[in-house]
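K.L.:
Here it is: the structure, laid out below.
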Amino acid sequence: MRVGHGYDVHRFGDGDHVWLGGVRIAHARGLIAHSDGDVLIHALCDALLGAVALGDIGGLFPDTSDEWAGLSGHRMLQLVRTRLESVGYVPAQCDSTLIAQAPRIAPHVPAMRARIADGLGVEVGAVNVKATTTERLGPMGREEGIAAHAVAVVMPL
Ligand SMILES: Nc1ccn([C@@H]2O[C@H](COP(=O)(O)O)[C@@H](O)[C@H]2O)c(=O)n1
Ligand SMILES: C[C@@]1(CO)OP(=O)(O)OP(=O)(O)OC[C@H]1O
């Protein structure tokens with residue numbers, strides 16, 4: 001068994017939705033990114049790569065490459081699973097926390113867990129998603145962006 005941690009932040013910009021945990025959520029602003037801006041899945045993929053000492057998503061999917069423009073969180077999960085398998089590991093379990101004053105996350109958690117589990121090829125029971133505001137403190141509290149933390153456990157194939 002090995003364990004990894006991931007953290008990511010994306011800033012709000014123009015838009016009418018955000019992608020979080022592979023789920024499209026209507027919102028008055030969007031998240032600025034080279035990909036679909038799914039900050040939760042980015043943190044989770046960094047945790048998975050960290051668990052096997054394979055660096056981070058910036059190394060695997062450089063934002064200087066057109067190949068990864070608009071990359072969806074779900075596809076990123078599939079690609080990271082394949083990368084893990086290539087070094088003899090599979091995802092076993094993950095936990096995550098979104099730090100967002102808005103939008104409201106709780107109603108979307110079941111769909112996020114199902115989508116993440118599908119992308120990783122694990123049972124829904126192996127995936128947890130949580131959210132917290134910062135009680136309006138700091139940049140997330142001022143709704144300047146959304147941050148996410150994740151931890152992941154991987155097991156040998
Ligand atoms: N964007 C968010 C933030 C939080 N929640 C849920 O609200 C509850 C209370 O959050 P605190 O800020 O007091 O930690 C908690 O159960 C969160 O799941 C949310 O749905 N969306
Ligand atoms: C995902 C990638 C690639 O599309 O772009 P962004 O969406 O900007 O995300 P970030 O968390 O800054 O890092 C990884 C990037 O290379």
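The backbone N, Cα and C atoms fix where each Cβ goes, and this holds for glycine too.
Source: prediction; values computed, not measured.
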K.L.:
From H27, H34, H42, grab the residue that TrEMBL records in the same divalent metal cation site as D8, H10.
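P.N.:
Divalent metal cation site check in TrEMBL: besides D8, H10, the record includes H42 out of H27, H34, H42.
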K.L.:
Specify the count of other C-beta atoms within 10 Å of the C-beta of D8 (divalent metal cation binding site).
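P.N.:
So the Cβ neighbour count for D8 (divalent metal cation binding site) comes to 23.
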K.L.:
Could you say whether, by DSSP, T133 (site 'Transition state stabilizer') belongs to a helix, a strand or a coil region?
P.N.:
coil
K.L.:
Look at the recorded positions S35, T132, T133, T134 and tell me which residue has the greatest number of other C-beta atoms within 10 angstroms of its C-beta.
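P.N.:
Comparing the recorded positions S35, T132, T133, T134, the most crowded Cβ belongs to S35.
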